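Before any comments, here is the structure.
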């Protein structure tokens, strides 16, 4: 360079820096290469015992789903897992969250899968990845995105071209993110599961080979697994993948069967169900700690590997809880909490199960286990008094442009969200009537409709109630049906029939209704934010008209702590705190509280918005712990 002159000493310094830099780069490359060379031998299933890095290895696993736990708590939960004596994390990957609209992908913030897996590796945990595309998991449609159902001929979990094209597009995004995190690349992933419990579905013999090839062709090189219950083992496997079994009560004949179909292979319980899920209107399921630990102890005595499903369940935040099929179209609806009676509670607290398991797993370690992280404090804040309300009818101008349609249109086929349809929440159908009469749903309401005439509540249509009497009135009136998607079935043979809203004609006086105005009420953050910034709210001195939104302020004076919302004077609805959807509540129970993570609060005033369908006492109460209702032992 012109004007730049270096002394001999300066030149020597520059050359020395270059030389040292080259040595460091060379050393780093060699060390990385050596690390990869030393990791050629990943998890192997070549004999009756797993090996990892050429050494005998027993998988002591636990399931924690990153999408059910606030990101601020990922490390806390994983450290508690490691301190319990587990060595492997398992997690599903929810397609419907990562691709909410076709071709629109989200792997940021709460959905940063790579960050979660790297964190596990940094904390000394191995990973078994379960990328689906179907995950079950008591999750809406088993994790499949609802826009797939816009195709009237869709055949989910088969080689139907429209489905496999969508799977290819999703896998193109997710697999490229996890391939560099495989064991052979120096990462924590030691195995990858091919689909999930396909033996209980098994509609297409070419499907599992397709999913297996979709993983391999994108660079997955670690051990492949499948996961099924005893009955599913007969049809759920795929050549080249180790079959594993799922159960809660150990039946020696099931283990013999697994040994018989793949002799001289390691035996693993991929899902040992540590508790069970809950359904609205039923009791809270528990699996007694002593019973659970007895089964775990026996599994380990038989030299099997194990994965606790769940180790920590977390929460079905938002509208993501699934449903349990009890015949078509009826379903029982999953609650918001995914506490699961797991070793770590919904809020990540230690339980009797945790302490007993830690004692058991400590016997399988040569070194003392690390100390468990300190207990996180929860609190019961002072009640919030509702200050304002806004009726549903006054909120409609904040929704997208309504659709005018001669016939009802189901939620997924509405022209919203860039023509991806509506996935979750409520849909409002309105049409004129001119007389009294009988309204018949023809079993086409999915899942539950509040019925109004002239904005006056008439009754509810659902799976059980399919007829309502509509009273007489003067002249032309508006019949309104606010239809809620209460959660799509996540397991079984009815996945293709999980369209929501009005899925066919409804009749009034035995004639199909026509000329609808349809509004999507998905209650996304932007909608809730627009509501809160509007000047349309009324004081509680004025009698509210239901359904309605209610607003109050939770004041936090110190450092925010976890808490639980209780709504004993309310009926059914959804709660939003600082714009985040905590999930559904329903007075029929069993769940009595909604989990509020401390990191979602801040010092000062926190905005609480409740959408309530039918009644309120105007107060939001808080509890220092989760309350899940009367219990029943899992059978």
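A Cβ is built for glycine as well, from the same backbone N, Cα and C atoms used for every other residue.
Look at TrEMBL and you will find 49-363 tagged as domain 'Glycoside hydrolase 35 catalytic'. Summarising model confidence by region, the domain 'Glycoside hydrolase 35 catalytic' (49-363) averages a pLDDT of 98.
Per TrEMBL, active site, proton donor is recorded for 197.
According to TrEMBL, the active site, nucleophile annotation covers 271. Listed in sequence order, 63, 227, 246, 247, 307, 309 are the same-chain residues six or more apart from residue 271 (active site, nucleophile) with CB atoms under 8 A from its CB.
What TrEMBL lists as domain 'Beta-galactosidase 1-like first all-beta' is 421-521.
Annotation source TrEMBL lists domain 'Beta-galactosidase galactose-binding' at 547-606. Helix, strand and coil counts under DSSP for the domain 'Beta-galactosidase galactose-binding' (547-606) come to 3 helix, 34 strand, 23 coil.
Secondary structure by DSSP for the domain 'Beta-galactosidase 1-like first all-beta' (421-521): 3 helix, 51 strand, 47 coil. Under 8 Å, Cβ to Cβ, and six or more positions away along its own chain, residue 197 (active site, proton donor) finds 136, 227, 228, 229, 232, 236, 246, 491.
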